[in-house]
Amino acid sequence: MPAATVDHSQRICEVWACNLEEEMKRIRQVTRKFNYIAMDTEFPGVVARPIGEFRSNADYQYQLLRCNVDLLKIIQLGLTFMNEQGEYPPGTSTWQFNFKFNLTEDMYAQDSIELLTSSGIQFKKHEEEGIETMYFAELLMTSGVVLCEGVKWLSFHSGYDFGYLIKILSNSKLPDEEVDFFEILRLFFPIIYDVKYLMKSCKNLKGGLQEVAEQLELERIGPQHQAGSDSLLTGMAFFKMREMFFEDHIDDAKYCGHLYGLGSGSSYVQNGTGNAYEEEANKQQS
């Protein structure tokens, strides 16, 4: 099978509090042979903007991320497992974790919740059957998925995605300074390829995840704007791009560990393409 070709026998496993332990056991087995993990999250938008003086636009973007991740809760996490050739494990390839979220008590941006509701996210079920993030973090820490240099993470414009994961895993607010954020990031996720960052070297590729997938002629499985389907599409995009634009080899020195819109990945500061969070928010719309 060519890398990242759609096979409709692949299925996305829904994970709630009731089946979390069972599915994490399966993941511990899967990750031994399928060590490329494509990741996406769904979160409740942006509700705050930092005030004060900032050293640079890049500093402002990190502080914007930090204040919102600190205030808000993750709604979904999607993890898709693939091997070096872009092949999936037999049966389930993607796990969609649904976290506890209460529309009455938790903060959110109204437009984001409306989009997620229209995409099929069941907020009543999240309130009643959602996963507790602290327990999820305990299981994830011993899963062989994080803190492991043999695992390669694939993402798309993922500053906020990794921000929420770091918040969950460390059970604390994000660090005040971006440099400390990247230090923690490298500890939990030593190898990351952000597809949006890779696109800088791919002629004519542009836009959000869905637009990129269409340009690459990839077929989505599952509903758009849900973390499982988006993580699966992110993994497909990485392997298709690696084949088409990188001769099946990614230069780690140039691309590994960079997140689009943050740190050295903040090319928008120089080229004037605007606010990185607005692009991140638009990623959910596209």
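Any Cβ shown, glycine's included, is placed from N, Cα and C.
On a predicted model such as this, the values are computed, not experimentally measured, just so you know.
What Swiss-Prot records for the divalent metal cation 2 site is Asp40, Glu42, and among Asp194, Asp230, Asp248, Asp251 the residue it adds there is Asp230.
The two recorded residues, Asp230 (divalent metal cation 2 binding site) and Asp40 (divalent metal cation 1 binding site), have Cα atoms 6 Å apart. Within 10 Å of the C-beta atom of Asp161 (divalent metal cation 1 binding site) sit 29 other C-beta atoms, taking all shown protein chains into account.
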